[in-house]
Amino acid sequence: MEQFDGFEYSKRDLLGHGAFAIVYRGRYVDRTDVPVAIKAIAKKNISKSKNLLTKEIKILKELSSLKHENLVGLLKCTETPTHVYLVMEFCNGGDLADYLQQKTTLNEDTIQHFVVQIAHALEAINKKGIVHRDLKPQNILLCNNSRTQNPHFTDIVIKLADFGFARFLNDGVMAATLCGSPMYMAPEVIMSMQYDAKADLWSIGTILFQCLTGKAPFVAQTPPQLKAYYEKTRELRPNIPEWCSPNLRDLLLRLLKRNAKDRISFEDFFNHPFLTSPLLPSPSKRILESARSPLLANRRIITPQSSLPVPKRAGSTKLDSPTPVRRIGESPRVQRRVITPGMPSPVPGAPMQESTDFTFLPPRQESSPVKQVQVHTNVSPSLTTCKPVPVPSQRLTYQKMEERLAAARKTAVPSSSSPTGSAVSAQHQHQHQQQQEPASSPVVQRIERPDQLPRRTTLQDPNAHDIERMTMPNPTFVVCGSSTKPSPNNANRVRRSTITSPADTQDMVAADQMLSNLDPTTTTTTIPKSATTANIQGIPRGARDRSVTSPPQPTIHENEPLDNAKYQQTDVNNSPTAPTEPFIIKNQTTCSTSSTSSSVVEEEEAMSLPFASGSHLAAGFKKTPAEVPMDHGALPPALDQEIVLGEEHKQILAKLRFVAELVDTLIHVAEQKDNPLASAMASRRQLLTTGTSTTNTSSPYRRAEQLVVYVRALHMLSSALLLAQTNVANRVLHPSVAVQQVLNQLNDKYHQCLVRSQELASLGLPGQDPAMAVISAERIMYRHAIELCQAAALDELFGNPQLCSQRYQTAYMMLHTLAEQVNCDQDKTVLTRYKVAVEKRLRILERQGFVAAVNT
């Protein structure tokens with residue numbers, strides 16, 4: 001502990017430092033519970049600045065005599081042979097810069113509370129003829145009187161500090177010294193013109209603008225560029241958001257005047273209505289943006305069924321306004337618009353003005369992405385529900401099921417008011433729609449008529465290529481089943497389970513009659529789940545999203561039970577004994593056989609491998625022999641519909657599955673960017689491995705990174721859905737169960753990314769920040785792929801090859817995508833070389849049985 005004149009401090013308790021001094025947290029020697037701030041100034045550093053130090057001490061003593069609540073008080077000044085110590089009161093809340101770093105932006109209640117106190121402090125020093133000349137968030141200290149970790153803003157007291165650049169100005173005297181921080185300097189100061197105390201008013205306006213929007217009103221990469229901007233711009237107009245209240249808008253415009261003579265006077269500033277009048281309710285930022293955005297004003301926002309309402313960002317007070325805010329994530333997924341021939345097209349609204357990083361364009365006239373493959377019932381638009389389209393080969397079966405259910409509900413409500421009763425087959429509706437419906441009634445949207453489907457707004461991305469022109473990686477790699485628990489990075493990357501259906505009506509009826517005789521160890525046939533499906537709440541969310549790929553079903557009312565328990569998949573976990581024979585998945589394969597232990601054998605896709613055409617079997621996979629006896633009355637395996645379809649159909653389906661897998665990875669990357677701890681850890685890893693860290697962990701920067709990733713995902717999804725629509729219209733892609741499932745997944749992911757992008761855009765981005773210019777989706781994808789390879793290499797090094805398979809597979813997929821999309825031949829060569837290196841590692845893992853290669 002260093003001691004002097006009744007005070008002590010430790011050099012480890014550093015609070016901050018400046019050009020001439022270091023500030024420590026100290027205390028009284030005889031009162032150790034009373035903290036103080038000790039500014040230690042080494043005499044060797046002030047040999048040429050003694051006058052500056054003397055002036056600061058004089059100003060601090062002058063202001064301390066006022067004992068003003070909003071000015072940092074000087075407790076004692078002590079000189080030793082080596083140092084000059086200024087002992088000042090300690091502020092336990094940090095400074096405004098730290099507060100803004102945590103909160104990003106402040107609501108107007110908080111801004112008003114802070115600016116009133118700043119005005120009181122400024123009024124006090126102005127009466128003494130003092131101009132601060134270095135007002136910035138770092139010199140505005142906060143005192144937390146509540147002693148709580150997260151105090152309410154009304155418990156925070158503002159104190160002005162650091163009068164090192166302050167000076168006395170007599171009436172009418174102008175200064176011409178260049179000092180202060182360039183971003184907060186008044187134009188007359190940075191242009192080396194004479195200035196007076198009104199320079200502090202400009203700094204106050206800049207600080208208020210930053211509190212409101214999270215960025216400075218005028219930004220340049222260097223001080224000379226900012227100076228040049230001020231010199232050539234005669235009329236400075238800050239871009240104040242529309243949701244700003246009139247009083248605050250007026251105050252900002254009057255503070256941020258280029259000419260000091262036109263700037264608001266101190267008297268008018270101290271008595272401005274924003275400081276003296278209670279705040280009037282102002283429109284929410286999100287409501288105003290919703291009103292002018294064509295996507296929010298003229299469309300129903302549809303959230304994925306599995307997504308939760310968008311939470312409020314941690315640490316942000318922007319949404320704390322008492323005015324009601326319309327949450328984007330609250331609209332139910334089943335709300336869809338029924339298109340009628342007489343309905344006018346929505347008029348496009350004004351484009352988003354605050355965020356220029358991307359623009360939502362109107363639908364293209366020549367083509368549009370396909371809507372989710374579902375029929376729309378002929379009920380009112382507000383009560384529209386979605387029904388799955390039956391597989392063409394199963395329409396007769398589906399119709400018989402509906403007739404049997406209708407006969408069992410003779411005493412129930414009429415089918416016209418029942419969601420289930422209205423879900424007749426697409427074929428049945430097509431036969432009777434002209435006789436039953438007038439020309440002006442809503443028409444049923446069928447997959448055979450893609451031109452009638454509602455059009456989705458398309459996101460254009462000049463850096464990304466269309467999915468149609470993308471080639472599939474050859475080979476693709478599939479991670480084999482393992483009893484090892486997946487790592488957190490791969491928690492949401494569980495492979496899809498096999499979804500099959502009976503081949504014909506006889507199989508379906510037989511399944512109903514023989515349900516009680518089926519052996520749970522050999523039953524694998526499933527169809528899309530209904531309300532009677534077994535509870536899956538215990539399954540992790542990521543596993544649920546990937547393992548159940550059936551299209552989402554509408555809610556079934558209690559008075560309309562469906563007799564489809566026979567289509568449920570028997571849970572292997574509930575089997576009293578594990579099978580002793582190889583676990584059989586119909587016409588499919590496994591990487592291992594089940595043992596007599598209680599471990600669960602994970603299903604693998606062979607005929608419907610992700611990204612594979614479905615006609616090839618992986619090496620080491622074992623196809624179910626046709627002559628295997630079906631014990632315990634089990635049904636013979638049904639023929640997979642994808643086998644009999646054309647090769648082009650299989651290739652397109654494989655490409656759609658590849659996009660779904662890739663978008664899952666992009667969403668995972670974007671969610672990682674939302675976690676400040678994960679970003680800080682990534683920056684730390686980069687510092688340890690390369691010696692330098694280029695990762696920016698600020699909240700606006702992370703939001704910008706999330707936004708570009710979500711926009712890239714939106715483009716890929718839009719392109720994939722457009723590809724599907726075109727090929728469905730040309731009868732190349734058939735509406736099979738697998739196609740419906742993957743299109744439903746793509747549709748859900750599209751709405752999830754769209755809602756999240758709009759949420760991020762509504763928070764605002766510092767568009768003039770030069771750090772934002774280097775953000776790109778390709779850079780983020782490349783960095784993530786390299787990090788996956790590094791983590792996988794460490795897993796191999798420490799003898800955990802079972803953990804690295806998924807990481808290598810994901811990196812292989814992302815490197816292939818980047819190599820397909822880049823335009824630079826040199827970049828493509830580097831990416832291809834890295835991809836080949838990862839492929840070699842996967843080949844080694846293939847020989848060890850951890851992955852299986854499939855030629856596409």
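Just so you know, glycine gets a Cβ as well, placed from its N, Cα and C.
Residues or ranges marked as ATP binding site by Swiss-Prot: L15, G16, H17, G18, A19, F20, A21, I22, V23, K39. The feature site 'Required for interaction with lgg-1' is assigned by Swiss-Prot to D357. According to Swiss-Prot, the motif 'LIR' annotation covers 358-361. Summarising the annotation, Swiss-Prot assigns compositional bias 'Polar residues' to 365-385, 527-536, 566-578. The compositional bias 'Low complexity' annotation in Swiss-Prot covers 411-436. Annotation source Swiss-Prot lists region 'Required for interaction with unc-14 and vab-8' at 750-856.
Regional average pLDDT for the region 'Required for interaction with unc-14 and vab-8' (750-856) in the model is 82.
V23 (ATP binding site) counts 22 other C-beta atoms within 10 Å of its own C-beta, drawing on all protein chains shown. Summary: among the binding-site residues (L15, A21), the fewest other C-beta atoms within 10 A of the C-beta are counted at L15. All chains included, 12 other C-beta atoms sit within 10 angstroms of the C-beta of H17 (ATP binding site). Across the region 'Required for interaction with unc-14 and vab-8' (750-856), DSSP classifies residues as 83 helix, 4 strand, 20 coil.
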